[in-house]
Amino acid sequence: MNVSPARRTELLAAGAAVVTVVLWASAFVSIRSAGAAYPPGALALGRLASGTLALGVLCAVRRVGWPPRAAWRGILVSGVVWFGFYMVALNWAEQRVDAGTAALVVNIGPILIALLGNRLLGDPMPPRLLAGMAVSFAGAVTVGLSMSGDGGSSVLGVVMCLLAAVAYAAGVVAQKPALGSASPLQVTTFGCLVGTLGCLPFTGQLARGLADAPVSATLNMVYLGVFPTALAFTTWAYALARTTASRMGATTYAVPALVVLMSWLLLGEVPGLLTLAGGLLCLAGVAVSRSRPRTRVDGELRARSAELPASSGERRAEEAGSAAPPAERD
């Protein structure tokens, strides 16, 4: 089966997006272990340092050079606000709010990406994208509310969730233009390095955590750096370079559904019916947001198919000097 280059690129980008959301969903399982032993800032620094080390080795093996000057603005902004501030803020917020509040506030991130992408990048906002995001947001809130316990929510925690969502959206929109002049590996590596440098004030906390934390928590922190950060952010950048920021943001609504599935399989946490319904809503919304209307495409194909025989017949008629009978046009 022959696949056109455009179709092959589309399939690779979709595969990269799938890898990203699966690994980001797995991060929530690992954070439960690492977050219990490391403070928010130390966990962010350890995760980013592990990711930077892994990416640095990969860049050395592949002999990847410095990004061009045109990409540095996006790399610096995304490195500071997304790799750095977002991870610290989210780690901090999750210790102060219940899961329902976190789902409600943090999951406005993809909506902010769509709005900022439309305003700053000129991303289109087709009805299917908006409808899919609305369905997925409802599903994410349903999952969060159904999984929340009896814990309360502090005002500071809610504010940190909101700031994390804004940082996520700003980082994605800043990263998109950088991918026009630098490779996904360059953008991810140096963005992660910038985030690591920004978290260096937490070095003392990380050192104390490494001395006191159980091995399982440290291994989970390293896993967070190598896979959900180094690998997943690279596949994210690869996919983002080949589609709009709005569509990629909508794709991340699959994460809550995958978290439910992984918690079920890995932690033995059997989800309730409301949780399952929310997860299905998330996946349905992602499917709608990434779908494309086929009516116009099918119409164009039919029109072209109808024009080809007529054009062929006209050429034959001109060569023969007279119109050919309909039966002979085929």
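The backbone N, Cα and C atoms fix where each Cβ goes, glycine too.
Keep in mind the model is a prediction, meaning the values are calculated, not measured.
Per TrEMBL, these features apply:
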- 12-31: transmembrane segment (TRANSMEM)
- 15-143: domain 'EamA' (DOMAIN)
- 37-58: transmembrane segment (TRANSMEM)
- 70-93: transmembrane segment (TRANSMEM)
- 99-117: transmembrane segment (TRANSMEM)
- 129-148: transmembrane segment (TRANSMEM)
- 154-173: transmembrane segment (TRANSMEM)
- 156-288: domain 'EamA' (DOMAIN)
- 185-203: transmembrane segment (TRANSMEM)
- 223-241: transmembrane segment (TRANSMEM)
- 248-267: transmembrane segment (TRANSMEM)
- 273-289: transmembrane segment (TRANSMEM)
- 296-330: region 'Disordered' (REGION)
- 320-330: compositional bias 'Low complexity' (COMPBIAS)
Recorded stretch, among 12-31, 129-148, 154-173, 185-203, maximising Cβ pairs under 8 Å relative to the transmembrane segment (37-58): 185-203
For the domain 'EamA' (15-143), mean pLDDT (0 to 100): 89
Stretch of maximal Cβ-Cβ contact with the transmembrane segment (223-241) [cut-off: under 8 Å; candidates 154-173, 185-203, 248-267, 273-289]: 185-203
